[in-house]
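K.L.:
Could you have a look at this structure, given as structure tokens, before my questions?
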């Protein structure tokens with residue numbers, strides 16, 4: 001029997017029992033819970049109660065505006081909070097996850113009645129007040145920050161955090177765990193970003209064409225990252241960042257209807273809060289500096305210079321001090337003096353990686369270098385040295401400055417050098433907020449040392465020096481040098497001198513590690529004479545040979561003016577895992593996830609649940625429908641119809657798609673940083689390229705479905721099923737397998753442009769397939785704000801899982817990403833099966849003939 005056909009004026013022909021009531025309910029839902037973000041419905045939408053605010057006008061423009069604003073505010077918060085909250089510079093991925101969590105719960109709360117956008121600026125002001133207060137208390141030494149036991153026996157070393165346990169007069173002060181301080185900031189920032197997320201959710205719900213909506217979101221995000229990149233390139237301060245993106249948010253969140261006279265005063269509250277944000281941004285940037293200090297913002301740090309002492313702070317942590325090499329720079333000139341007095345020649349051509357403000361450059365010039373190539377990643381630090389260093393090393397014509405990542409320079413350079421210096425390369429900042437990688441991580445790997453040896457003359461000298469903090473770090477470097485130089489033991493010197501260097505604390509000791517042909521000559525001279533004697537007075541030192549069992553005899557240096565220098569011996573030397581390009585964690589004692597990270601992960605998970613319960617409780621307390629199920633209709637006999645409306649839960653497929661994509665993006669960022677360099681510009685280009693690739697995947701999905709570009713072309717699942725997902729999942733897993741088979745280091749031996757093409761193909765291949773899978777799934781959604789919020793929530797899981805790289809390396813993240821994508825495919829298939837069964841049951845109920853045939 002042929003089913004009865006029912007045709008409505010605005011509907012396609014359908015079998016009886018498949019009436020578009022679900023779609024009508026979904027459209028009606030879009031008009032509910034919209035507080036102050038729109039005026040009228042787009043064409044084709046069903047208007048709700050006149051008392052309810054309507055969906056926003058021009059929703060695609062509004063969605064793009066919201067996406068760009070949210071990304072710009074996120075980047076501004078990552079930079080400002082990382083530079084203001086003590087030691088949060090090492091944990092900026094927490095700020096990223098807070099922003100992402102807020103966006104996620106805001107998206108899923110879009111259908112709720114509470115307008116979270118009005119709480120965004122108050123929460124941001126509260127977080128900034130807390131940050132400024134904490135920095136003031138910390139600088140005044142009224143309390144200290146406990147960062148993973150860095151003052152005693154840390155699993156992971158964070159420079160600057162090892163000496164915070166005592167106040168100025170030696171009195172013990174309270175210690176606050178860094179994860180606790182970060183947790184409070186995390187919660188407040190998550191609440192601050194719930195408002196922009198809700199605005200995005202309302203705009204998503206107002207655009208029936210899901211892929212057109214997603215295109216607008218991607219274009220807005222791309223515009224936001226390009227604008228922030230421009231602001232960083234211009235050297236602007238946080239006041240400008242928050243003014244630009246905070247002003248954009250204020251425009252987005254303002255009521256679209258004129259305020260009454262009673263409410264006109266309230267209309268000034270949000271602008272006043274934005275003014276408070278700008279004031280705190282300025283105060284946090286300048287309040288902690290001492291009188292006469294200068295502050296500038298580079299793309300990496302907040303840089304503070306104290307001209308009277310030459311002290312330079314980055315992100316409020318002491319970084320380096322400019323010294324007059326002729327009077328107080330003995331540790332910088334010592335390698336050249338040892339080489340000269342051992343009869344191994346002069347500096348010759350010198351490469352200095354991490355030139356910074358110029359101490360190492362000044363020492364090389366003072367000791368007679370023929371030419372000095374200086375590689376420094378931060379233009380602002382170079383500018384500080386050029387303008388303020390007492391020896392003016394950057395004015396010397398023998399100096400050539402290259403603004404680049406040191407590892408990238410080693411890979412691209414074809415020059416050979418007599419001396420290569422790894423200067424005090426300790427960036428005090430992460431490479432990006434997506435990973436535990438620091439700016440200098442790829443410099444201290446086995447592969448990097450081998451590239452340095454290729455650039456070094458056979459009789460040259462490789463120098464590494466720093467306050468390495470722990471004996472096991474020195475032991476690891478010792479083992480890596482021996483592997484690089486065919487078993488040759490490096491020469492290890494400690495200032496002040498130590499006969500033995502234990503595995504434990506080395507706080508307060510400056511360590512110099514020498515390797516290469518010249519180091520062998522220096523070691524032989526030590527074997528003959530036993531000691532070298534050094535004085536801070538470099539002009540006197542240059543007139544004497546410092547080797548000998550006793551100090552040189554001269555009337556110009558008193559008996560206490562000499563410092564003994566001699567090789568140190570490692571005690572209890574153990575086989576430390578070498579830092580490699582896959583596991584570039586020099587400052588991590590073992591391949592493990594430290595307790596500090598585990599505690600932080602637990603806090604983030606608990607706070608995420610708490611924020612979700614507060615803002616979008618339906619994500620926790622309701623059954624999760626499929627991404628294509630219509631919202632449940634309110635039954636007249638239900639005691640709580642609203643509970644039916646706000647009971648969508650998380651979509652499992654979308655959630656794990658987000659988690660997998662986060663790991664893909666993390667792996668892509670670190671892999672391309674290795675290929676092209678760890679500079680901020682490379683990071684920005686990579687993030688933009690990822691967005692462009694996802695946009696291309698979305699446009700491809702639209703073409704596969706034959707979607708119209710119209711924002712109001714309905715693409716819901718009950719009208720258009722679209723292409724199957726199976727083939728795209730197969731392509732995704734094949735691309736992931738290719739990433740597992742081909743290690744990151746495989747690209748480094750290729751010449752350009754093949755290296756660029758191969759690296760981009762392997763990195764962006766999985767992103768393309770994953771993007772198509774997401775777009776095809778999202779196109780079927782009848783609850784776009786919930787499904788997109790589920791996807792964004794998965795990013796938080798991916799961000800937490802990234803900590804596994806400390807245990808298994810970055811290549812291992814691909815296996816975890818494959819696991820998440822497998823879960824998304826499994827849960828998605830189960831959800832599709834449930835949906836098909838539900839529709840068959842619904843058809844059977846409404847079609848007596850079909851029901852009778854099923855009973856027979």
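Including glycine, each Cβ sits where the backbone N, Cα and C put it.
Relevant sequence annotations retrieved from TrEMBL are reproduced here:
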REGION    1-59  region 'Disordered'
TRANSMEM  63-81  transmembrane segment
TRANSMEM  87-107  transmembrane segment
TRANSMEM  119-136  transmembrane segment
TRANSMEM  180-207  transmembrane segment
TRANSMEM  219-245  transmembrane segment
TRANSMEM  265-283  transmembrane segment
TRANSMEM  596-616  transmembrane segment
REGION    623-646  region 'Disordered'
TRANSMEM  654-674  transmembrane segment
TRANSMEM  681-701  transmembrane segment
TRANSMEM  728-750  transmembrane segment
TRANSMEM  757-781  transmembrane segment
TRANSMEM  806-829  transmembrane segment
K.L.:
Test of understanding: applying the rule of at least three C-beta pairs under 8 Å (pairs 6 or more apart in sequence), is the transmembrane segment (63-81) touching the transmembrane segment (681-701)?
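P.N.:
In this chain the transmembrane segment (681-701) does not contact the transmembrane segment (63-81) - fewer than 3 Cβ pairs sit under 8 Å.
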K.L.:
Between the transmembrane segment (806-829) and the transmembrane segment (219-245), do 3 or more CB pairs sit under 8 angstroms, pairs being 6 or more residues apart?
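P.N.:
They are not in contact.
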K.L.:
Sort out the residues at least 6 away from either end of the transmembrane segment (654-674), same chain, that have Cβ-Cβ distances under 8 Å to it, and list them.
P.N.:
405, 407, 431-432, 434-435, 437, 442, 581, 627, 682-683, 686-687, 690, 739, 744, 748, 759-760, 763-764, 766-767, 770, 773-774, 777-778, 787-788, 790-795, 797-799, 801-802, 805, 810-811, 813-814, 816-818, 820-821, 823-824, 827
K.L.:
Going along the chain, which residues at least six beyond the ends of the transmembrane segment (63-81) come within the CB cut-off of under 8 Å?
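P.N.:
Residues 88, 92, 95-96, 99-100, 103, 124, 127-128, 131, 185, 189, 193, 196-197, 199-200, 203-204, 207, 213, 216-225, 227-228, 238, 241-242, 244-246, 248-249, 251-252, 281, 284, 297, 433.
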K.L.:
Against the transmembrane segment (596-616), which of these stretches has the most C-beta pairs under 8 Å: 180-207, 265-283, 728-750, 757-781?
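P.N.:
Between the candidates 180-207, 265-283, 728-750, 757-781, the best contact partner of the transmembrane segment (596-616) is 180-207.
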K.L.:
So which residues does the transmembrane segment (265-283) touch in its own chain, when a touch means Cβ under 8 Å and the partner is 6 or more beyond its ends?
P.N.:
80, 118, 121-122, 124-125, 128-129, 132, 237-239, 241-243, 246-247, 250, 253-255, 259
